[in-house]
Amino acid sequence: MKGNMKVYWIKIAVATWFCCTTIVLGSTARIFSLPTNDEEETSKTLGLDTVSFSTKGATYITYVNFLNELRVKLKPEGNSHGIPLLRKKCDDPGKCFVLVALSNDNGQLAEIAIDVTSVYVVGYQVRNRSYFFKDAPDAAYEGLFKNTIKTRLHFGGSYPSLEGEKAYRETTDLGIEPLRIGIKKLDENAIDNYKPTEIASSLLVVIQMVSEAARFTFIENQIRNNFQQRIRPANNTISLENKWGKLSFQIRTSGANGMFSEAVELERANGKKYYVTAVDQVKPKIALLKFVDKDPKTSLAAELIIQNYESLVGFD
């Protein structure tokens, strides 16, 4: 009888320990949002290429190497006048995006999804949550960051849309410290009542320091040469960003002599306007071109598409 009682009390003790442990650990897991194995394997199961960059111990050299690796992962198809040309389209969801894993000195991580045909940011994951721009394609929303709690933001990824959340290029600092803070803010807003303005301002830093810097050697060098400082995009930087589509079109459709069919208006740092009429005038500033059909029969249609797109996002 005593032996049976001893076994009985042991069972009670074990059961009590199990229940308490489950409650405590379960609560702790929710507080810290520890990632599951499924979440950690998201990029692997999709077969997406991933490029990583950490602000911890970062130098301008590691930053430049990161941008070069990203350009390679985007897998441009051919070139125009020696400038790599991005893919025309992507039919395989598993190859339409590249993940950029950004981490900071605190170990906070944000995985940014980038479209390989345009270098546009479509969404990102922090902890067990993912967020997508309002205008992100359905293929991105449905196919990326599975096993996460998904949210469509009420604003898009265009500059005018970001400005609607008080995120302006002219007043946004760029550099290693702003990027570190941006990653931190994205991580801190992995909650139900997130702050749209903090997300928008943080994503604007990412867009400038990743997407735009990958497109333009000029912007890469601006950040590289002021890496440990805070800089803000001047008129020359903003005008290049706004005219990427038109520059790509003119370069792609120009003949062997590299002359543009139509001059492209740009601005200097002081806001003074000037015009470029040939590839050689802007080639040193551009690292990637957006695909534009070179066929004369479709080039006009392509130009109209670019003009329509740029009017939608607020570009000239």
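Heads up, the Cβ atoms here are built off N, Cα and C, so glycines get one too.
Database features (Swiss-Prot):
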ACT_SITE  E212  active site
DISULFID  C90-C96  disulfide bond
CARBOHYD  N235  N-linked glycosylation site
SIGNAL    1-26  signal peptide
Fewest Cβ neighbours within 10 Å, where candidates are the disulfide-bonded residues C90, C96: C90
Count of other CB atoms lying within 10 Å of the CB belonging to the residue listed as 'active site': 24
Neighbouring C-beta atoms (10 Å sphere around the C-beta of N235 (N-linked glycosylation site)): 16
Of the recorded positions listed as C90, C96, E212, the one whose CA lies nearest the CA of N235 (N-linked glycosylation site): E212
C-alpha spacing of E212 (active site) relative to C90 (disulfide bond), in angstrom: 21
